[in-house]
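Student: The following feature annotations were taken from TrEMBL:
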{"type": "TRANSMEM", "residues": "48-66", "note": "transmembrane segment"}
{"type": "TRANSMEM", "residues": "78-102", "note": "transmembrane segment"}
{"type": "TRANSMEM", "residues": "122-140", "note": "transmembrane segment"}
{"type": "TRANSMEM", "residues": "160-177", "note": "transmembrane segment"}
{"type": "TRANSMEM", "residues": "373-390", "note": "transmembrane segment"}
{"type": "TRANSMEM", "residues": "402-422", "note": "transmembrane segment"}
{"type": "TRANSMEM", "residues": "456-476", "note": "transmembrane segment"}
{"type": "TRANSMEM", "residues": "488-508", "note": "transmembrane segment"}
Amino acid sequence: MLFPTIEFSIFITLLILTIYVANCDSLYKALFTIITCAVFYAKKSLQYKLFLLAIVGLLLLFFIIFTHNKSTRRKIILLAASYIFYMYWNPAFICLILFSTIVDYYLSILIAKSPPSKKKTFLLMSIFCNLGILFFFKYANFFQDNLLLVMRIFGYDPSWTSLNIILPVGISFYTFQTMSYTIDVYKDELAPCSSPLDFALFVSFFPQLVAGPIVRAKEFLPQLKIPIKLNWDTESLFLIVRGLVKKVIIADNIAMFADFIFTSPQGFNSTIIWFATICFYIQIYCDFSGYSDMAIGIAKILGFHLPLNFDRPYFATNPSMFWKKWHISLSTWLRDYLYIPLGGNRQGTILTYRNLMLTMILGGLWHGASWNFILWGFLHGFALVLYHVWQKRFQKNFQHFVFKLMAFFAMQVWVLLTWITFRVTDFADMLYCLQKFVIFDFNFQFRNIGLGTSSLFLSALLVLFFYMLHLYSFFCGGIDKLLAKLPLWKMSLLCVMIGMILFALWPIQDKPFIYFQF
């Protein structure tokens, strides 16, 4: 279920109505609304209907037990909505979330209660379970295919074929989320959650379940102690609208050119490769940050605060700054739970560089089971190592504004180059694109590329529109502060106008968010 769809609009409307009804004492009205929501999403599949029937049955049981407690009632509604939201893709995979929830809930309690000699055993059990699930569903095909390739190189031709395992949506996000919880409990930075309901909602909270931000338990669980209240303000509305503009108007439309070129890039000149790379550079930022904006905005309406995930990363002047601004919830997770445990920068220069490289390579592998993602992580790790060397030896001599401007442009070129390795999975095509990107052929023709003039013109307009907004946000502090001061009725009127533009530029086919595949 994608955020910018009619289905999700109906889903969130029914959820909000249900929460409103739950504030009343009418059990039957609340149940009726939830069942209506469930029936609406019941596909023709009998399996899906049985899953929904089981959820509604459990919901009825919980309501009977907790009918006197409105706060608990609202949490149950949110939990049920989160499970229904996730089962929209594949009902069977809800079992994985339930398994992770149950295992980490009880293991965290055992970690807290056990003597120091046994704590690590329970922590390793949690890590093994979570990484085991992640490895099987995300990396088993990758390692099996590469093992088959190596065996055939040495003359062996085994008869077994690829497993063709389906990747559950969002598995990388909620796995990291639950792992960080048990690690924090192990380090005595967090007390284990005493409420199974609160912990289940932390694991499966639907706005950020399938594509982040990756939320820490120490940030989310305390919010569940406060009564859940719907929060209508201009900031929430602005975040959702901004996310829709980024995703639907910019990312989905500009993707047409980038997808067309990178699907089969051989034969295109350097100008086209550069322009396609810029299009993808904008597409992936608007696609992912747009999802994060919508997730944060929807969570705010439901009464929750989610962490910032992007902070204008394309204005970074060095690799370290870029990773402090890009996918912040992942980069801080890698720093706190991988880089620092490896030793961070505490064990000398060489080991610091090793830790940086390992962290970024594994961060690349987190994005996908493919060699191009590993290469992408390696290149970013290499850039971080070079920057550390530069910092120690030369940076103090290059503080003038001109050098900072040069550093900014150099960083943009580097990020563009690395996005090629991220986007193009075939190595022959990747090498061709990199060659045309680095060795410019001074062929500026856009003729006979096989794509309509209107698509090219629209992509060029969107590139210009993106850079105008981006520069305005940098020099004027962004339009969010200005719009946040608007009265709700003015913001609503602006949303209607933007909605008309969205309707005009809405792509024929809904494109899933890029990070759903991770």
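Placement of Cβ uses the backbone N, Cα and C atoms for every residue, glycine included.
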Student: Would the transmembrane segment (402-422) count as touching the transmembrane segment (373-390), i.e. at least 3 C-beta pairs under 8 angstroms with sequence separation of 6+?
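Tutor: Per Cβ check, the transmembrane segment (373-390) touches the transmembrane segment (402-422).
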Student: Count the CB pairs under 8 A between the transmembrane segment (122-140) and each of 78-102, 160-177, 402-422, 456-476, then give me the winner.
Tutor: 160-177
Student: What parts of the chain pack near the transmembrane segment (160-177), using Cβ distances under 8 Å and only residues at least 6 beyond its ends?
Tutor: 86, 89-90, 93, 96-97, 100, 130-131, 133-134, 136-138, 140-141, 144-145, 148, 202-204, 208-212, 214-217, 330, 333, 366, 516-518
